[in-house]
Every structure is written in structure tokens, then in C-alpha cells.
Amino acid sequence: MAHSMGFITLLSLLAIVPLCLSGKTYRGGGYLYPQFYDHSCPKAQEIVKHFVAKAVAEDPRMAASLLRLHFHDCFVKGCDASVLLDSSGTIISEKRSNPNRDSARGFEVIDEIKAAIEKECPHTVSCADIMALAARDSTVLTGGPNWDVPLGRRDSRDASLSGSNNNIPAPNNTFQTILTKFKLQGLDIVDLVALSGSHTIGNARCTSFRQRLYNQAGNGKPDYTLDQSYAAHLRTHCPKSGGDQNLFFLDFVSPVKFDNSYFKNLLAYKGLLSSDEVLFTKNAESRELVKTYAYNQELFFQQFAKSMIKMGNISPLTGYKGEIRKYCRKVNAY
């Protein structure tokens with residue numbers, strides 16, 4: 001108990017330290033910094049914000065989709081827009097992977113942003129940076145924290161289907177497997193819990209959590225860490241078979257508002273995915289973080305911003321590595 005209190009006290013002290021959200025971050029051979037396009041394409045951020053706002057106004061679910069797209073990109077070969085590439089020639093698209101098939105969306109929004117930016121300043125702004133900005137703007141539009149996005153990423157010339165299948169945490173992974181996948185990207189347990197808080201917006205398919213309702217441990221019984229009245233409600237639209245694509249709010253309390261309700265739901269054993277609830281039930285350190293963020297939204301917001309910057313710095317291509325794609329779905333022809 002004393003250790004837990006000490007941990008929370010440390011977090012509280014960290015929260016008092018001003019966030020260095022606009023400094024340069026050095027990763028993988030080059031600098032990323034928020035002012036990267038200030039001279040070469042000064043309207044870039046304004047254009048991204050405009051089209052994200054338009055897309056979210058038309059479809060509120062799009063905010064979560066754009067946030068997820070950035071996450072699914074960064075966990076595979078770094079934040080290099082590889083997830084946007086269609087299959088062609090030697091490229092097998094990451095869109096075919098288990099985490100992305102039938103669920104990844106927002107590609108048309110990125111296309112629209114890219115077309116507008118290419119008109120304004122051709123061959124200047126990368127698709128990878130557009131995705132990072134769109135993720136930030138989606139968070140802010142739904143009520144979440146703001147941060148300065150370090151920029152200067154370039155786009156990859158290839159994709160990794162196997163990386164997408166193996167590196168992205170799955171809804172039914174154990175806590176230790178999920179943490180290991182985060183650590184392989186240079187992220188820690190604090191980042192894991194904070195970034196999982198993005199599930200305060202968005203939806204999940206029935207197929208992503210069905211086992212919790214009917215056969216969690218292979219014994220024909222539901223997950224005992226799922227509130228049973230909530231489980232009964234979920235079963236009405238997620239049957240034992242069929243309805244795979246039926247959508248459910250990840251945060252049923254405030255599904256389109258970026259807040260800390262997600263963590264409060266975990267305290268009540270009403271996390272939708274197994275990968276959500278294990279943050280509260282399977283590890284003492286993550287359990288304390290869940291409690292902290294459930295009781296202190298400001299602290300959650302501060303850490304979420306820091307962790308998003310950290311995730312956005314996973315192995316970017318900079319300098320002369322990679323390219324600036326003209327169309328985000330295909331590599332440039334040389």
C-alpha cells in the first residue's frame with residue numbers, strides 16, 4: 001500500500017512539472033519538431049484541422065478511427081504511413097491484417113487532406129505527419145487534450161503485413177503480452193494505460209469481445225471480471241454466433257466525448273474489451289494508474305498528450321530516408 005501511495009505521489013509531482021510539448025525530439029537520425037512546416041507549408045496544420053472537423057461533423061465515429069489509424073501505423077515499422085499503402089507490385093497491404101481488416105477506416109479522409117495540401121504546397125508534407133496531426137485534432141475535437149505535434153516524418157516505401165498481425169495488441173491478448181508489445185516499441189506501462197484511455201471514444205465489433213460473454217476461459221462460462229448486468233445487455237446484440245460486425249460503444253457512458261469515463265468504467269468492471277479490463281484486474285501498477293486517471297481527468301489528459309508524442313516518435317523516417325508520397329495509398333514512381 002505504501003508503495004502504491006508512493007507511486008501515485010510521484011505521478012502527482014510529475015503532473016506539476018510543465019509539459020515540454022513543443023521541444024525538439026531526436027529519434028532515428030533526425031529531428032522532429034512542431035515548426036517543421038512553418039516556412040515550407042505554413043497552412044498545413046490549418047488544412048488538416050479543417051478536414052478532420054468536417055469529417056467528424058459528418059460522422060462522429062471518425063475521430064476514434066483517425067486516432068486508431070495513427071496507433072496502428074506507429075506500431076508497425078514506426079510512424080511512416082505504411083498502413084495507408086494499398087497492395088501493389090511487391091507490397092502486401094497492412095489493410096489485410098487481422099487488426100485492420102473490416103475495421104480500419106479513415107483512409108478517404110487522409111486522401112482528402114493530402115489532396116488539399118498537395119495543391120497548397122506540392123511534395124512537401126508527408127502522409128505520416130498528416131496522420132499524426134489528424135490524431136491530435138480528433139482528440140481535441142472530441143474534448144480531449146491538445147499538444148504540439150512534432151513533425152518532419154517521411155513516408156515509407158513498403159508495408160509489413162506480418163508486422164501488423166504480430167505487433168498490434170489484440171483485444172484478447174493477456175496483460176503481459178500487451179505490455180510486451182508496448183515495450184518493444186519503447187513504450188512503458190504508464191504509456192500503455194494512458195493510451196488505452198483513447199477507448200473513451202469509438203466502437204468495437206461483437207467479434208472483438210464475444211468470448212467474454214460466453215466462453216472466456218474455454219469452460220463455457222462468461223468472464224467473471226465483466227459486470228454481469230452489463231454482460232446481459234451486451235448479449236442482446238452480440239449472440240453466440242452471427243452479428244460479428246455489430247458495433248458497441250467502447251465507453252457506453254460518454255461514447256463521443258473524450259474524457260476519463262473509460263477508467264471509471266473499468267473500476268465498475270464495465271470495460272468492453274478484455275484488453276481494457278485487464279488493466280484493472282491483472283497488474284497492481286496498472287490498477288493504480290487506472291484508479292488515478294479515473295479520479296483525476298487532468299492528470300490523464302496530461303499523460304495522454306505526453307504518451308501520444310512518445311508514440312508518434314517511434315522510428316520515424318527523417319532526412320533522406322523514405323519519401324514524401326504524392327498519393328498516400330501508393331509509393332511514388334521513379
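Glycine residues also receive a Cβ, built from the backbone N, Cα and C atoms like all the rest.
Checking CYS41, CYS74, CYS79, CYS206 against TrEMBL, the residue bonded to CYS121 by a disulphide is CYS41. Closest in space to CYS328 (disulfide bond), of the recorded positions given as CYS41, CYS74, CYS79, HIS199, CYS206, is CYS79, taking the CA atom of each residue. On the 0 to 100 pLDDT scale, the domain 'Plant heme peroxidase family profile' (31-332) averages 97 in this prediction. CYS41 (disulfide bond) sits 47 Å from CYS238 (disulfide bond), taking the CA atoms of both as reference points. Residue pair CYS121 (disulfide bond) / HIS199 (heme b binding site) shows a Cα separation of 35 Å. Annotation for HIS199 (heme b binding site): spatial neighbours LEU250, ASP251, TYR262, LEU272, LEU273, ASP276, criterion Cβ-Cβ under 8 Å with sequence separation of six or more. For the disulfide-bonded residues shown (CYS41, CYS121, CYS238), fewest C-beta neighbours within 10 angstroms: CYS121.
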